Amino acid sequence: MPDPYAWLQNSLLTIHRADWYRSVQTIQGRAGASVVLGGKEVINFASNDYLGLAGDERLIAAAVAATQEFGTGSTGSRLLSGHRELHGELEKAIASWKQTEDALVFSSGYLANIGAIAALVGKRDLILSDQYNHSSLKNGAILSGATVREYSHCEVGELKTQLLEQRQNYRRCLILTDSVFSMDGDLCPLPALLDLAEQFSCMLLVDEAHATGVMGKTGAGCVEHFGCTGRQLIQIGTLSKALGSLGGYVAGSHPLIDYLRNRAPSWIYTTGLSPADTAAALAAINIAQQEPQHRMQLWHNVNYLRELLQKIPNLKLLPSASPILCFQLSSPSEALQVGKQLKQAGIFAPAIRPPTVPTSRIRISLMATHKPAHIEKLVAVLADIS
């Protein structure tokens, strides 16, 4: 009989030949603007720790205190033994920050997306999704069983055409979009999407993963940034990027959150977020709101790097309005080579390749804790390489 697992090795060979093979790179020591990678200190431009809070002593102290009081794990699902007072405090803090009626905390942003989407739509419904949406949105759409159609990236006109042609054929319609697109750094046209959602009686779900703590006057996200606070939509985000912890959330109306508590499988059938992660996220939200200087420093760094990168000839910098800056390369092999050269020069900014993105690139993530010397070294190395 043939080996039913033989195809695995063949598939790995195909991945290698296409220069798509991936492996982990072990980071040593505490999270920060500089980390130790393979025994060598490098400047970290690969992290989503935008405000530099993952290594903040106050988050660490909050996590330690919660662990000492409650133990290491939540021990059960939130509907059984896994709900702590801390969870409720965190959900109230998120709802207050986002200016929504309520919020619900999940064990990760990925689980928040797939759980919410699966709960909101089904076989009689339509999902319209931006083609560059995060994998969690795309997989949630597939798992829901709804009819899924993609529209070209940020093309509101095409989305409207699809709504005109298809909306009347379905019970419900859910529009899905990232607010900050994680592999490009650009923003969705949120006000126009909200207008279409209202015009065609659609739900709109916006993933604020890379906007939470970063965008808007108080860091509440792109909904705040675009002046759309108070408009009817579903906001999802993560606690693991600018907030330096772990977990995800959904924020919205009381009926929405109450419904998800009863119908979102990835919330109902999994262990609640650990006390340590919950306490750290709560501390991070307080810091993000009370200490805007971290966000101001982040944006100063973003603007400084963009200004310097624009002076490098032949660098194909992609449009961005966030702390994510990418420059495009011709092939996966070139991206791998540039990533290797950067690493040899003490810069950690790995290659991003298909199928994660349509075209290969180097992705640079800025942090509030980057110093001018870090940014200047990155630019000098890129100028030499290009």
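Glycine residues also receive a Cβ, built from the backbone N, Cα and C atoms like all the rest.
Binding of pyridoxal 5'-phosphate is annotated in Swiss-Prot for Gly109, Tyr110, Asp207, Glu208, Ala209, His210, Thr238, Leu239, Ser240, Lys241; the matching candidate from Ser96, Ser129, Ser182, Ser266 at the same site is Ser182. In three-state terms derived from DSSP, Gly109 (pyridoxal 5'-phosphate binding site) belongs to a helical segment.
When the neighbouring Cβ atoms lying within 10 Å are counted for each of the binding-site residues (Ser182, Thr356), the highest count belongs to Ser182. By the criterion of other Cβ atoms within 10 Å of the residue's own Cβ, the least surrounded of the binding-site residues Arg22, His134 is Arg22.
Leu239 (pyridoxal 5'-phosphate binding site) sits 25 Å from Arg22 (substrate binding site), taking the Cα positions as reference. A simple way to gauge crowding: the CB of Leu239 (pyridoxal 5'-phosphate binding site) has 30 other CB atoms within 10 angstroms, across all the protein chains here.
Shown in sequence order, Asn48, Thr212, Ile236, Gly237, Gly248 are the same-chain residues outside Gly109, Tyr110, Ser182, Asp207, Glu208, Ala209, His210, Thr238, Leu239, Ser240, Lys241 whose Cβ sits within 8 Å of the Cβ centre of the pyridoxal 5'-phosphate site.
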